[in-house]
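Lifted from TrEMBL, the feature list:
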{"type": "TRANSMEM", "residues": "B:28-49", "note": "transmembrane segment"}
{"type": "TRANSMEM", "residues": "B:209-236", "note": "transmembrane segment"}
{"type": "DOMAIN", "residues": "B:211-418", "note": "domain 'ABC transmembrane type-1'"}
{"type": "TRANSMEM", "residues": "B:256-276", "note": "transmembrane segment"}
{"type": "TRANSMEM", "residues": "B:283-306", "note": "transmembrane segment"}
{"type": "TRANSMEM", "residues": "B:326-346", "note": "transmembrane segment"}
{"type": "TRANSMEM", "residues": "B:401-421", "note": "transmembrane segment"}
Amino acid sequence: MQTSTVILVLFALCCVSFAVGRFRSRAVGQQAGGIHLLHSLPHHYGYLSAMIAALPALLVLLVWMLLEGRFIEGRVIAGLPADVQALSESRLGLYYNQIIAYAAGGIDASTLSEPQLAAAEQYNALKSESGWLKLALVVVVAVTGSLLVLGRIKPDLRARNHVENIWTWMLFGCSFIAVLTTLGIVLSVLFEAVRFFRLIPATDFLFGLQWSPQIAIRADQVGASGSFGFIPLLVGTLLISFVAMLIAVPVGLMSAIYLSEYASKQFRAITKPILEILAGVPTVVYGFFAALTVAPFIRELGESLGLTVASESALAAGLVMGIMIIPFVMSLSDDIINAVPDSMREASLGLGATMNETIRKVLIPAALPGIVGGILLAVSRAIGETMIVVMAAGLSAKLTVNPLEAVTTITVQIVTLLVGDQEFDSPKTLAAFALGLVLFFVTLLLNVVALYVVRRYREQYE
Amino acid sequence: MSNETYKNTALIQASLKKRYAREKRFQWMGRFAVFLGFLFLFILLFDIVGKGLPAFTQQYLLIDLDLSADALDVAPDADAEALSRANYAGVIKSSLRDMFPEVKSRSDKRMLYRLVSVGAEYELRDRVMADPALVGTRQSLWLLAHSEAASYLKGQVDPNSPEAERRVKDAQITWLDQLHADERTKSGFNTQFFTAGDSREPELAGIRVALYGSFLTLAVTFLLAFPIGVCAAVYLEEFAPTNRLTDLIEININNLAAVPSIVFGLLGLAVFINFFEFPRSAPLVGGIVLALMTLPTIIITSRAAIQSVSPSIREAALGVGASKLQAVFHHVLPVAMPGILTGSIIGMAQALGETAPLLMIGMVAFIMDAPAGVTDPATVLPVQVFLWADSPERGFTEKTSAAIMVLMGFLIMMNALAIYLRKRFELK
């Protein structure tokens with residue numbers, strides 16, 4: 001029984017429930033001496049019965065779907081021979097996955113053992129049984145809910161108020177998803193990161209100067225344990241972000257100043273949207289540009305000057321990231337410079353200062369907290385940026401501040417550790433979540449500080 | 001006193017020239033900054049378009065094919081089943097040998113075979129199966145050229161460069177020049193780029209499957225993010241009491257807007273794939289993750305749109321006895337809708353260009369067939385760009401740029417629609 005079928009059945013039930021509720025409320029109204037005696041319009045009664053039918057049933061369906069897989073897995077594994085059950089957790093998982101793949105028709109029967117075939121049969125039986133039970137339960141819950149409402153339809157049932165209450169709660173639920181998302185992010189990275197720190201001490205991670213997450217298969221190999229010192233990644237990330245800021249801040253800030261203080265209205269109206277195209281270009285495009293155009297160009301340029309430049313230099317990635325961030329810095333500084341009251345501008349000009357002196361001695365100092373906040377937001381974007389560095393920065397973690405060498409970043413390591421085949425108990429994959437945790441909190445901190453600074457600044461002039 | 005003033009004036013007069021020069025310099029610095037921004041944009045677009053345009057043409061070679069039953073290795077009255085398994089590759093190879101009888105050595109022959117795409121045999125098979133009367137005839141057919149041969153025909157290879165540095169060898173260049181002189185080469189619009197899925201061979205690779213995956217993923221994103229985002233905005237603007245909980249929600253929304261996208265990918269991996277055991281690589285999970293990512297954008301812009309609706313509309317509705325919910329849903333939302341749609345389209349454009357979180361949930365598989373539903377493995381356009389960009393084959397570079405051009409085309413259309421809606425909205 002497909003879930004979509006169950007949902008369709010539920011939807012049909014709701015429609016019926018709506019129609020019956022509306023019809024019944026009319027009948028009840030007529031009986032009581034006229035439809036105007038009803039508290040609410042007939043369709044409100046319909047909505048109420050449909051909602052009371054649907055919501056609990058959907059909840060039941062959701063819970064069932066979440067628990068179904070685990071329950072079936074438990075039952076199937078309990079039916080397996082004892083020697084299979086004694087396997088380690090990951091082996092057992094593999095064994096069970098084969099059963100599921102076969103049951104879904106994904107793989108050939110010849111690759112499976114006898115007990116697996118039997119288990120697959122049991123799996124399919126349980127699955128279809130569960131499907132029918134799910135449908136039955138949903139129908140029973142929906143019909144019960146609907147009947148409960150239908151039985152209570154009386155002229156003084158405040159159907160509209162009930163419907164609107166439910167609606168308001170649903171609206172609240174929608175906005176609460178933001179909180180749940182944050183919670184989900186924190187819990188998911190924290191949970192896996194804690195597992196990581198159980199394997200690798202947190203001090204090794206935070207202060208180690210070596211990052212080589214490749215873990216040898218045999219215990220006696222060289223570098224068997226892998227090392228997870230995150231300092232080289234941090235330095236690499238900051239180096240690339242620094243290069244990016246070196247491009248983005250002067251260009252973005254100067255453009256914003258020119259456009260808001262000097263440029264004519266028409267020039268500004270044309271220029272600003274064009275420069276903002278840079279913000280709409282997908283990051284993967286920048287990555288491609290950095291890897292295939294900018295990096296080779298910088299390498300050749302460096303070689304012609306007699307410098308050795310790595311083909312995946314931090315300079316190339318940082319430069320392109322800077323280009324990406326220009327419009328971001330520009331529109332933030334633009335907002336902030338515009339928020340400086342005109343009276344300050346006029347006072348300075350009235351004293352005979354040139355525009356340039358006004359900007360440098362009055363506007364910028366006044367806008368400085370806001371600009372700093374904006375730059376912090378830009379830094380947080382640069383640190384979290386992924387695709388450019390995945391495509392244009394290196395993989396090996398080298399502890400250097402030379403922008404001509406290849407460095408790696410936090411986001412690059414998260415991607416390389418998690419893309420491809422993964423097993424979920426090796427420190428290698430768990431390390432990605434530890435990095436994610438660091439990334440999340442660093443960017444969160446930057447954002448909170450930046451937003452606080454910007455808000456304080458705005459309030460100052462409002 | 002007057003002497004003093006005069007002195008100051010002289011001082012100011014003397015410094016004026018310097019100050020004005022500095023003013024000029026400063027203005028030029030501003031102009032230069034704007035110019036730099038333009039320059040970067042221009043180089044970026046020029047680079048992509050310049051690299052991508054050749055991908056929209058495809059090169060064909062006219063080959064005389066011997067389609068006798070013997071050569072095809074089938075019985076003369078073969079049925080469709082047998083025809084589908086006939087030796088088309090062999091036919092193409094022997095035909096090439098017939099056209100260039102001077103080629104003798106094994107390595108030269110291998111180079112000769114590399115002139116024609118490996119996809120040509122399937123194309124030939126489809127043609128023969130569509131018209132079985134071809135069996136037993138000799139035909140001159142246009143066959144798709146191999147990407148390396150095509151790059152020479154497109155003039156991307158300098159024949160005077162050292163042979164070791166290029167994929168097209170001298171012998172191949174001679175043959176191609178000969179074919180060209182015999183008017184046996186032609187180029188045509190590359191329809192395959194829009195109708196095929198991913199392939200290991202650059203000349204056969206297309207973006208249809210990725211486009212389809214992008215469409216499914218965006219559909220999931222929109223179906224989740226739009227209603228939830230609008231409802232959340234309505235709640236926060238119209239119903240939310242001022243208390244700690246509302247503050248918490250607002251702080252969360254603002255922070256989520258600035259969380260790096262890859263972190264949403266980690267969330268998708270840990271929660272939806274590992275905990276809820278949703279299928280990997282599926283548009284369903286991709287759509288959910290992108291929906292969570294775009295929600296803040298949609299909520300923030302929708303709130304602004306709802307806020308800008310004149311209070312008189314709300315009050316009029318309430319005044320004639322509408323409930324608060326009715327006032328909002330029947331009167332405020334329709335007026336705010338253009339603004340909300342503008343924000344949603346911008347959010348969708350963001351989601352369309354997003355790559356990193358989708359890498360996390362495994363949408364990087366090599367996918368040749370279009371997904372049938374939201375739970376099938378799929379890939380999306382930006383991820384396809386990423387995969388092709390990683391590929392060492394030169395032919396993929398131009399495919400990558402072409403795919404980027406298509407992606408940017410969609411983004412420009414979406415943004416243009418958003419701007420149009422905003423303009424119409426402003427006029428009211």
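Cβ coordinates come from backbone N, Cα and C, glycine included.
Owing to the predicted nature of the structure, the values given are computational and were not obtained by experimental measurement.
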Any contact between the transmembrane segment (B:283-306) and the transmembrane segment (B:401-421)? By contact I mean 3+ C-beta pairs closer than 8 Å, pairs at least 6 apart along the chain. no
In terms of Cβ proximity under 8 Å, which residues at least six beyond the ends of the transmembrane segment (B:401-421) contact it? 48-53, 55-56, 193, 207, 210-211, 338-339, 341-342, 345-346, 348-349, 352-353, 381-382, 384-385, 388
Cβ under 8 Å, sequence separation of at least 6 from the ends of the transmembrane segment (B:256-276): give me the contacting residues as numbers and ranges. 285-286, 288-290, 292-293, 295-297, 300, 354, 356-362
Spatial neighbours of the transmembrane segment (B:28-49) not adjacent in sequence (6+ beyond its ends, CB under 8 Å) are 401, 404-405, 408
